Amino acid sequence: MAQTSKYERVVLKLSGEALAGDDGFGINPIIIKSIAEQVAEVAKLDCEIAVIVGGGNIWRGKTGSDLGMDRGTADYMGMLATVMNALALQDSLEQLECDTRVLTSIEMKQVAEPYIRRRAIRHLEKNRVVIFAAGIGNPYFSTDTTAALRAAEVEADVILMGKNNVDGVYSADPKVDPNAIKYEHLTHIQMLQEGLQVMDSTASSFCMDNNIPLNVFSITEEGNIKRAVMGEKIGTLITK
């Protein structure tokens with residue numbers, strides 16, 4: 001009997017650090033293969049999946065800005081880093097015979113398709129994995145904001161936030177504070193009021209205004225993406 005997912009269409013947000021694993025920099029081949037296998041498994045269900053990848057494993061725009069670079073230039077470099085990650089993930093997925101398309105907000109026709117909302121939706125309807133790269137194409141906006149915006153544009157049911165080495169949202173950093181409390185459920189307004197570092201405030205406000213749920217969980221545990229898609233209670237669920 002075919003397994004039925006809880007959601008019809010999801011957006012998976014991966015941080016760049018998640019692709020680096022314990023290496024801290026670059027792309028760990030074992031990690032990206034594991035993530036690709038999990039995404040490919042979800043693609044076989046009755047669920048459409050789009051992926052947004054960060055670029056922090058290669059470059060952070062804010063870091064460059066803090067070191068004296070022009071913020072716009074530093075952010076554009078970060079957008080290019082996300083394209084590198086997207087192409088690496090696409091390659092891993094295609095090795096698993098999973099039909100994949102990379103759509104970039106900055107036009108680079110030789111390596112990817114330009115982002116067009118209707119085209120992205122059509123790819124999803126054809127059960128292709130869609131990877132969004134290059135942020136929203138403008139500096140000063142994070143890939144968290146990209147995830148929120150793209151989720152609204154393609155009418156996704158939820159944003160799945162795969163975190164590196166943390167299994168949900170806590171009241172404080174569990175690595176620093178042993179008394180930190182893990183939340184099973186939060187509202188967007190709670191997240192903003194308590195200053196919980198799930199995503200930046202621009203992305204959080206956008207999700208709240210557009211009623212986009214978030215499910216925050218550990219990406220390092222095998223099978224968690226599928227568990228989240230199937231509706232298992234993992235990590236922290238954030239709703240309006």
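Count begins at 1; order follows the chain as displayed.
In case you wondered, yes, glycine gets a Cβ from its N, Cα and C as well.
Annotation comment: Swiss-Prot describes K13, L14, S15, G16, G56, R60, N164, Y170, D173 as ATP binding site, evidence class sequence analysis. Under the three-state DSSP scheme, G56 (ATP binding site) falls in the coil class.
Look at Swiss-Prot and you will find 21-26 tagged as region 'Involved in allosteric activation by GTP'. Per-residue pLDDT, averaged over the region 'Involved in allosteric activation by GTP' (21-26), rounds to 86.
Taking the Cβ of N138 (UMP binding site) as reference, no residue of its chain lies under 8 Å away while being at least six apart in sequence. Annotation source Swiss-Prot lists UMP binding site at G55, D75, I136, G137, N138, P139, Y140, F141, S142, T143, citing sequence analysis.
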Distance check against G55 (UMP binding site) for the binding-site residues K13, N164, D173, keeping those with Cα within 10 Å:
none
Quick one: largest C-alpha distance among G55, D75, I136, G137, N138, P139, Y140, F141, S142, T143, binding UMP per the record, in angstrom?
15
Could you put numbers on the helix, strand and coil content of the region 'Involved in allosteric activation by GTP' (21-26), residue by residue per DSSP?
3 helix, 0 strand, 3 coil
CB neighbours of G55 (UMP binding site) within 10 A?
26
If you draw a 10 Å sphere on the Cβ of G56 (ATP binding site), how many other Cβ atoms land inside?
24
Can you tell me which of the binding-site residues G56, N164, D173 is spatially closest to S142 (UMP binding site)? Compare CA atoms only.
G56
